[in-house]
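Have a look at the structure below before the remarks.
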Amino acid sequence: MCGIVGVVGNTNATDILIQGLEKLEYRGYDSAGIFVLDGADNHLVKAVGRIAELSAKTAGVEGTTGIGHTRWATHGKPTEDNAHPHRSETERFVLVHNGVIENYLEIKEEYLAGHHFKGQTDTEIAVHLIGKFAEEDGLSVLEAFKKALHIIRGSYAFALIDSENPDVIYVAKNKSPLLIGLGEGYNMVCSDAMAMIRETNQYMEIHDQELVIVKADSVEVQDYDGNSRERASYTAELDLSDIGKGTYPYYMLKEIDEQPTVMRKLIQAYTDDAGQVVIDPAIIKAVQDADRIYILAAGTSYHAGFASKKMLEELTDTPVELGISSEWGYGMPLLSKKPLFIFISQSGETADSRQVLVKANEMGIPSLTVTNVPGSTLSREANYTMLLHAGPEIAVASTKAYTAQIAALAFLAKAVGEANGNAKAQAFDLVHELSIVAQSIESTLSEKETIEAKVRELLETTRNAFYIGRGQDYYVAMEASLKLKEISYIQCEGFAAGELKHGTIALIEEGTPVLALLSDPVLANHTRGNIQEVAARGAKVLTIAEENVAKDTDDIVLTTVHPYLSPISMVVPTQLVAYFATLHRGLDVDKPRNLAKSVTVE
């Protein structure tokens with residue numbers, strides 16, 4: 001949520017800021033702004049809406065130093081007054097901020113009596129506080145910033161400019177992502193390496209409660225007490241071509257189409273030349289040592305955990321429990337004696353999951369992060385990491401990351417099972433079976449026109465819909481319903497088909513769309529009984545079935561794949577259902593309202 005970009009020492013500062021903010025659009029925002037300095041001249045430009053609207057207002061704005069921000073409203077409505085950057089009382093200091101300041105009202109009452117505020121944000125309180133300490137109390141800029149940081153409670157990533165000294169950006173963070181980008185003769189600040197991919201692939205991490213003084217030719221890292229911290233840079237393996245849409249109208253469609261390639265990349269990443277599964281032995285041992293696996297995640301990643309639960313349990317001989325990170329952060333249940341926490345997060349920055357990880361580290365619980373972003377916070381702070389190798393996922397609605405998460409966990413389960421001598425794991429030819437999955441997805445993708453026609457007939461005008469399934473198909477139904485509701489705004493719920501008669505069937509009326517998923521030969525006929533129940537009450541039914549359970553009347557038929565991997569192939573047509581339903585409603589597929597790609601506040 002939200003994004004920060006900053007640059008010092010580059011004559012193309014405005015262009016760098018705008019292009020950086022464009023690359024952060026996927027994170028979600030409702031307004032944006034930049035502040036640019038060129039010597040004594042400075043320019044503050046804000047806009048509500050898209051970056052294109054901000055860019056149109058920056059003609060003639062030039063400078064060598066600046067900060068930019070995309071805002072997702074948490075305090076105050078999306079207006080230009082509330083958009084960042086914000087200025088201090090005298091307008092000398094300018095600040096952008098991601099996160100939530102928990103004690104901003106206390107700060108306002110205790111320190112800022114008589115100050116005049118233009119908006120209703122917690123960020124404006126912070127920059128006024130810094131300004132007060134520097135201009136009213138006579139502290140140096142650095143000491144004023146430090147004093148403010150000691151007072152402020154909450155999550156934050158700050159980038160501060162002193163208009164009287166345009167050669168430096170002051171940066172600090174706590175529980176919110178922020179990086180330093182290292183350029184040739186200039187340096188940068190960004191929430192995400194993707195924002196600066198055009199400028200550099202060299203980055204420096206900032207840890208919690210660290211302050212960084214960024215100049216064109218130097219970067220100095222300190223703790224809040226002024227003690228220097230040594231920090232090496234690292235290279236981010238990102239490709240500029242990966243983050244473009246190419247010939248696609250939307251990122252989501254591109255990312256759906258990339259899924260067969262992602263499956264094959266995972267095979268390459270987690271097998272050796274002989275085709276044997278290769279996982280870090282330390283990760284295998286961590287799973288072997290655990291008496292219970294706890295998967296912590298949110299949203300789509302949570303659903304991927306459910307879809308992987310049976311496979312993990314059967315192949316590793318270890319019980320698996322699922323937890324919603326936002327719930328566990330405030331109330332961790334009674335744990336087993338030797339737990340292992342697995343965090344699933346596309347971005348590796350999910351604030352709710354990090355809150356749990358911090359507690360796990362304090363308790364000495366071993367942890368594994370499964371993420372798409374190397375060097376992300378969850379990756380750095382967990383004991384172990386498995387990467388998804390899916391490439392940047394830009395669309396807010398996750399597609400390829402979900403399928404990659406299940407596939408990555410399959411490699412983990414296979415490796416641990418083989419190490420344990422588990423017969424099912426030894427018989428599970430994952431490389432072969434995942435190759436079949438890739439082919440199945442390609443076959444589904446070739447039927448886009450057929451799927452689009454069925455979606456137009458079923459969903460174009462409806463306000464409600466249901467997905468149903470049993471077993472693994474129920475977990476896919478959960479993800480399918482989330483995908484449909486989050487981008488098409490159709491109120492959709494995913495249910496275990498057997499639960500219909502326990503209440504949900506009361507919502508079925510003439511014309512209600514019900515989408516049924518069938519892949520398990522043992523359960524398919526039971527689900528077909530539920531289909532008959534809803535059809536008898538007037539529901540319009542669309543069935544998605546694997547060949548081994550398909551009937552001539554089914555609408556979408558998929559290649560049969562291994563049961564452990566069926567959630568990967570079964571979810572793809574539901575992704576297309578969501579895409580086409582949204583497209584034919586004239587909505588923005590990639591940027592649904594009120595949602596952010598990376599949820600970095602609790």
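Cβ atoms are placed via backbone N, Cα and C, with glycine included.
Note that the structure is predicted; figures quoted are calculated from it, not measured.
Residues or ranges marked as active site, nucleophile by Swiss-Prot: Cys2. For the recorded site, Cys2 (active site, nucleophile), the DSSP three-state label reads coil.
Here Swiss-Prot flags Lys597 as active site, for Fru-6P isomerization activity.
The feature compositional bias 'Basic and acidic residues' is assigned by Swiss-Prot to 77-87.
What Swiss-Prot records for 2-217 is domain 'Glutamine amidotransferase type-2', and it gives sequence analysis as the kind of evidence.
Here the domain 'SIS 1' (283-422) returns a mean pLDDT of 96 for the predicted model. Swiss-Prot lists 283-422 with the feature domain 'SIS 1', giving sequence analysis as the kind of evidence.
Long-range contacts of the region 'Disordered' (67-87) within the same chain, counting only residues at least 6 positions beyond its ends with a Cβ under 8 Å from a Cβ of the stretch, are 1-6, 17-18, 20-21, 24-25, 27-35, 44, 46-48, 51, 93-98, 100, 104, 118-124, 126-127, 159, 161, 169, 189, 596, 601. Annotation source Swiss-Prot lists region 'Disordered' at 67-87.
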Revision key, fill the gap. For the region 'Disordered' (67-87), the DSSP helix/strand/coil residue counts are 0 helix, 7 strand, 14 coil
**Study point:** Three-state composition of the domain 'SIS 1' (283-422), taking helix and strand from DSSP
**Key:** 68 helix, 27 strand, 45 coil
Point to revise | Cβ neighbours of Cys2 (active site, nucleophile) where a neighbour is any other Cβ within 10 Å | key: 27
